[in-house]
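Undergrad: Quick one: the structure is below, and I'll ask about it shortly.
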Ligand SMILES: [K+]
Ligand SMILES: [K+]
C-alpha cells in the first residue's frame with residue numbers, strides 16, 4: 001500500500017510538470033539509457049569510458065554531433081546502431097513534441113482538421129495525436145529511405161553491400177535529423193567533390209531543418225500567396241542566409257591552401273563552398289577541416305550556427321524566424337513604428353518579448369559557459385568560442401577543441417548542448433501560453449523557438 | 001548673390017538635420033580639427049603621422065583612450081593640452097547634448113524649473129539652456145579641480161611642480177571624462193598600490209559615469225524613496241556590477257604571476273582588483289597589463305565594457321539601465337508578464353523595443369567590425385575581440401593589438417569608437433520621439449542610451 005501510495009504520488013507529480021520540463025526529463029532519460037548502452041562491452045572496442053559514452057549519448061539525443069571519441073572507429077556496429085537510434089529519437093522527438101505543444105496551445109499547425117489537444121488529454125485527442133505522429137514519421141522515414149538509396153549509389157561500390165548499406169542508412173538518418181554524426185573521423189571530407197553526396201546530404205538536412213509546419217504548408221498550399229507568414233519568413237530567410245554564406249565562404253577561403261585552395265578547379269571550390277555554407281545551419285557535417293579556416297570564416301560560421309534553421313524541425317539555434325523578428329523589430333524601431341509588419345501581417349509585443357528573452361538567455365548561456373570552460377582549459381580562445389557556439393546551436397562543427405577538453409569542459413559542453421536543444425522550445429512554450437494583448441492588423445503566427 | 005544663396009541653402013540643410021546627425025557632424029568637425037592640430041610640428045616630436053593624429057583625435061573626442069602612439073612620449077606639452085581639450089569637449093559635449101535632447105523632447109531631467117526646449121529654439125529657451133550648460137560645467141570643473149588637487153599630492157612630490165601639476169590636471173580631466181588617456185605608456189600601473197590614486201581616479205570616473213540626471217537627482221532628493229526610477233536602477237546596478245567584478249577579478253587572477261600574483265600582500269591584491277573591477281565601466285585606465293590576464297578575465301572584462309555605465313554621463317557602452325531593462329524584460333517574459341515593473345513603476349513597449357534595437361545593432365556592429373579586422377589582420381582572436389569591445393564601449397583598455405593594427409584595422413576601430421559614442425544616444429533620441437502607446441502603471445522614465 002505504501003509503495004503504491006508513493007508511486008501514485010510520483011506519477012501525480014510527473015504529470016503535473018509543465019510540458020517543457022517533461023520534455024527535458026524525457027531527454028535526460030534517453031541520454032542516460034543511451035550512455036549505459038554505449039558503455040556496455042558489446043557497443044564499443046574498449047576505449048570508451050563512461051564520460052565518453054555519456055557525452056556521445058547527449059550529443060546524439062540533442063542531435064549535435066560533437067564527439068570525444070571516433071564514432072566509426074571506437075564503436076561496434078551495435079554501438080553505431082544505438083547512436084543512430086538515439087539520433088532518430090532525439091530528432092523526431094523534438095519535431096513531434098514541438099508540434100504537440102503548439103497544437104495543445106491552440107496554435108493551428110495546419111493539419112487539415114484542427115487538433116484540439118489540451119493539457120487534459122482524452123481519448124478522442126489521442127486519435128488525432130496518433131494521426132499527427134504518423135504523418136511526422138512518414139515524412140521523416142520517407143526522406144531517410146530516399147536518402148539511403150541515393151547515398152548507397154556512392155557508398156556501396158566503395159565499401160561493399162553490407163558496409164555500404166549501413167553507411168548509407170547511418171548518414172541519411174544523421175543528415176535528415178541534422179545530427180552531423182559521421183562514421184568517418186574527418187566527416188565527409190573524402191566526398192568533398194562528389195556531386196551526389198553534395199546534393200543528397202544537404203537536401204536531407206535542409207528539408208529536415210525547414211520544419212514540419214513549413215513542409216505541411218508547402219504540401220497543402222503550393223502557392224506563395226496562400227502560405228502562412230511563418231512559411232514565407234522561413235523560405236525567404238533560408239534562401240538569403242544560404243546565398244550570403246555561400247558567397248562569403250567562397251571569397252574568404254578561395255586562396256586558403258588548407259581549405260578551398262587545396263582544390264584546383266573553380267567548380268570544386270564552388271561546390272565545397274556550397275557545402276560549408278549550408279552545414280552551419282545546425283547540420284554539422286563538413287568537407288573541409290574547420291581547424292584551418294580563417295578567423296573571419298570562423299566568426300561567420302559561429303554567427304550562422306547561432307541562427308540555425310527552422311522551428312518544429314530537427315535543427316537547432318535560435319531559429320531563422322527569431323533572427324528575422326530581431327531584424328524586423330530593429331528596423332521598425334528606426335522607422336519609429338511601434339508595431340512590426342511583415343508580408344502584410346503584424347507581429348505582437350509577445351513575439352518581441354520572446355525574441356528579446358531568447359537573445360538574452362542565449363548570450364548569457366554562451367558567455368557563462370565560455371567563461372567556465374576558459375577557466376579550466378588553456379586552449380585557443382577562438383576554438384573554445386567556436387565549440388561553445390557549435391554546442392549551443394546543436395551543430396557539431398568543431399575546430400578540434402572538444403576532443404581535448406577536460407572533465408569540467410565536457411560537462412559544460414554537454415549542458416550547453418542540452419540547453420541548446422530544449423531551451424528555445426521551452427521559450428516557445430512560454431510564448432504560446434502568454435496572454436495576448438491587443439491586435440491591429442490581422443495577426444500572423446510565427447513559431448519562434 | 002549666388003554665393004549667398006548657396007550658403008543659405010547649406011545653412012537650411014544643416015539646421016534641418018535631426019539632432020543625432022547634428023551631433024555626429026559636430027563630433028567629426030572636432031575630430032578633424034584635433035587631427036590637424038595634433039599633426040602640426042609643435043604638437044609632436046616628429047613620429048606622429050596623419051593617421052596616428054587622426055586616430056588619437058578620434059579616441060580623445062569619443063573619450064575612448066585607445067592609442068597607437070605614446071601620449072606622454074610622442075606628443076609635446078602643446079599636443080597633450082590639445083588632447084586634454086578634445087577629451088573635455090567630447091566628454092562634456094556628450095553630457096550637454098544628451099541633456100539637451102532629452103529636455104527638448106519634454107523628458108523632465110529635473111532641473112527644478114522644467115525646460116521647455118523644442119526644435120524651434122527661441123530666445124527664452126536659450127536662457128534656460130545656458131542655465132543648464134552652466135550647471136553641467138560647474139559640476140564637471142568642480143570635480144576635476146578637486147581631483148587635480150588630490151592627485152597633485154602624489155604627482156608633485158615625484159615629478160616637481162610643473163610636471164606634477166600638469167600630470168594631475170591631465171589625469172583628473174581624463175578620469176572625470178572616462179577617457180582613459182594617460183601620460184604614462186603603461187597607464188597607472190606604477191601607482192597600482194597607491195591608495196590616493198586608487199581612490200581619486202575611480203571616484204572621478206564613477207561620478208562622471210553616473211550621469212547628470214543621477215547626480216542632479218541625488219543632489220536634490222537625497223532620500224531613496226523620492227528618487228526617480230532611473231536613479232534607483234543606476235545606483236543599484238552600479239553597486240551590483242562593481243561588487244561582482246571585484247570578487248570575480250580577485251578570484252580569477254589571484255595566483256596569476258603576471259597580474260595579481262606579482263603583489264605579495266592580500267591588501268595590495270584586493271586594491272588592484274578594485275581598480276580593475278571599476279575601470280571596464282568605460283574608464284579605461286589600468287594598473288595591471290591586460291595582455292597577461294586569463295581568458296576568463298578577458299571575457300568578463302569584455303562583458304563589463306559592453307555594459308558600460310550611465311546615460312547622460314561621460315561613459316560609453318550600452319549603459320547600465322539598458323542592461324537592467326534587458327534582464328527585467330527577460331524575467332518578465334519567464335513570469336508570463338506582458339509588462340515590465342521595477343521599483344513600483346512600469347516600463348513600456350517602447351523601452352523594450354529600444355533595448356532590443358540597441359542590442360541587435362550592437363551585436364551586428366561588433367561582429368561585422370571584428371569580421372572585417374580579422375580578414376586583414378593576423379593577430380590573436382581574443383585580443384582582436386577585446387579591442388573591438390573596448391572601442392565599442394569607448395573604454396580604451398587594450399591587450400596590445402590596437403597599436404599593431406594596419407590601416408584598415410585602425411579605420412575600423414575609429415569607426416567603432418565613433419559609433420560607440422554617438423550610436424546609443426541616437427537610439428535614445430529615436431526612443432524619445434516615438435509616439436507612446438498606452439500606459440498601465442504610472443510610467444517611470446528610464447534613459448536608456
Ligand atoms: K547537428
Ligand atoms: K574610456
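The count begins at 1 with the first shown residue.
Glycine is no exception: its Cβ is also placed from the backbone N, Cα and C atoms.
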Undergrad: TrEMBL tags one of B:129-152, B:273-296 as transmembrane segment - which one?
TA: B:129-152
Undergrad: Is the number of Cβ-Cβ pairs under 8 Å between the transmembrane segment (B:196-219) and the transmembrane segment (B:21-42) three or more, considering only pairs separated by 6 or more positions?
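TA: Counting Cβ pairs under 8 Å, fewer than 3, so no.
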Undergrad: Could you tell me what the rest of the chain brings near the transmembrane segment (B:164-184), counting residues at least six beyond its ends with Cβ under 8 Å?
TA: 59-60, 63-65, 67, 71-72, 77, 80, 83-84, 87-88, 90-92, 140, 143-145, 147-149, 151-152, 155-158, 190, 200-201, 204-205, 207-209, 279, 281-285, 309, 313-316, 394-397
Undergrad: Should anything in the same chain at least six residues away from the transmembrane segment (B:231-252) have a Cβ under 8 Å from its Cβ atoms, list it; otherwise answer none.
TA: 206, 210-211, 213-214, 217-218, 221, 224, 260, 269-270, 273-274, 276-278, 280-281, 293-294, 296-297, 300, 304, 307, 309-310, 320-321, 323-324, 342-343, 446
